[in-house]
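The region 'Disordered' annotation in TrEMBL covers 1-27. According to TrEMBL, the domain 'Aminotransferase class I/classII large' annotation covers 21-354. The N6-(pyridoxal phosphate)lysine annotation in TrEMBL covers 227.
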């Protein structure tokens, strides 16, 4: 009755929490939504007896008007898909692009290619769709290895997902590297650039995916309101791309999955984007403080609201030591630890804990 393949499907693990401690495991921001955003959400909640606008017309139009000045491609609502977080849209992309291999025609499954380690949900999305996940190791510098990803393309490749900045390593590729990569990708292979942490990038060489849309019709860009805009609890993300791809994403979405409260809050957040984005500057300052404190062997590029500690087999030991001091970080056993960067007060607590647990000893 249940698909056999699901027995081996890992469950997505949410960042741990400590109600009495400091949660630095889920890349959330400290500040809540602005008062105007809360007011817009409350107004929509008062009408919760009515179904939301399934076409998400107001929000899609607002996103198109907002990003139209940043994109190389003229953007209308037809270029925008909205989902319950950008992760939902990435799953929709896998479903829209890839055919599973358990069909009656006996054909081999299509392939989804992505870097690894990267966002933990990518392999889950591929397996749910019955597609083959092709994981391409990162470079020694923990960056996306775009030449290796290009070399992994086969006649069965239908979708490539590139997370930039990469989660959980916080590294980015350059615009030149991305353009060279896109030049090598066949036009019948869809590329989805996951820019969930774009607002925290300060490296001028890192690309803005929207500026490349006109030159590469097979490129689409995913972003979210969960991080810099502080709406993680409402689940709002979006993809910008060519209308044919957007239409395909919409065909595989769950009807009415974009609730009215989330739509209203996202529109209000777009209106207040200057004030909201100013918060990212504080995060970048605190990110620098943490990087400066880390031993040199753990200092790497960080262009997101988190830092990555490549602790290998000692990752769990470090995470447990931090948890004993009521600071919860995200552990990737045998690989490393991701630590969310927030505000000055929480960073003070983090730096104190790093000293107490002996971060320098973990770098040996």
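A Cβ is built for glycine as well, from the same backbone N, Cα and C atoms used for every other residue.
All chains included, 24 other C-beta atoms sit within 10 angstroms of the C-beta of the residue listed as 'N6-(pyridoxal phosphate)lysine'. The average pLDDT the prediction assigns to the domain 'Aminotransferase class I/classII large' (21-354) is 96.
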